[in-house]
């Protein structure tokens, strides 16, 4: 049985992840962390029966991870929190599932180096949906055949999302850029801005949109649109739990959802 711990346990993603852990036959929740609601039962936020696991203060992360003998820590919080907590977990020998977006290149480098130094396993991905990762694969193939088309990415999310553009949009741009040998990115346009051969990335924020991503390949007299729409955060939570079950069977190293799904 895999012992799982969850950061941000009282939040929208954390509570869904806990709900999905309770449905797993291979994993059990042994710890849940947040900055508030300390001492309350984690099941209260996941809308399941009492689990007997109290919310622990994230300040006690190291102590609780060691006490509960956690095998894996799932983190869908914020960049400022992940850069602090991921090294602590890795230092405890705990494997990581990181879905936090908005990490700077410098923060990602620190996390990668810590994982490698401590010889733990990690899946790091901007999106844990099976569909989105197939979307990346389709976009990559399309780019190979449409290299002379103008390429634009439009993403839309709820009005509480902190980072823009989304990690998924940036990953889509990376996938296209890799397929085409390198492309410059332009995030939004204003004023006099003649279009070059860049990839344009545009962010929309409003209401309760879970996540929409569209890649447009636009040529003269025609265009192709490849789109993924998320209807529920459940797809991200299910993917995270799937990744956590998978990672504990792998050799130490850093993996992506492509590896988890065999894409």
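Using the three backbone atoms N, Cα and C, a Cβ is placed for every residue, glycine included.
Remember, it's a predicted structure, so these values are computed and weren't measured experimentally.
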- Per Swiss-Prot, member of 26, 34, 148 binding NAD(+) alongside 8, 9, 10, 11, 12, 13, 99, 100, 101, 125, 126, 127, 128: 34
- Task: Do me a favour and check the Cα-Cα span between residue 127 (NAD(+) binding site) and residue 168 ((S)-2,3,4,5-tetrahydrodipicolinate binding site); whole Å is fine.
- Result: 6
- residue 34 (NAD(+) binding site) versus recorded positions 157, 161, 168 - nearest by Cα: 161
- Out of 158, 167, 168, which of these binding-site residues is nearest residue 12 (NAD(+) binding site) by C-alpha distance? 158
- Query: Just the number: how many Å between the Cα atoms of residue 100 (NAD(+) binding site) and residue 158 ((S)-2,3,4,5-tetrahydrodipicolinate binding site)?
  - Reply: 16
- Query: In the structure shown, with every protein chain counted, which of the binding-site residues 8, 167 has the densest set of Cβ atoms within 10 angstroms of its Cβ?
  - Reply: 8
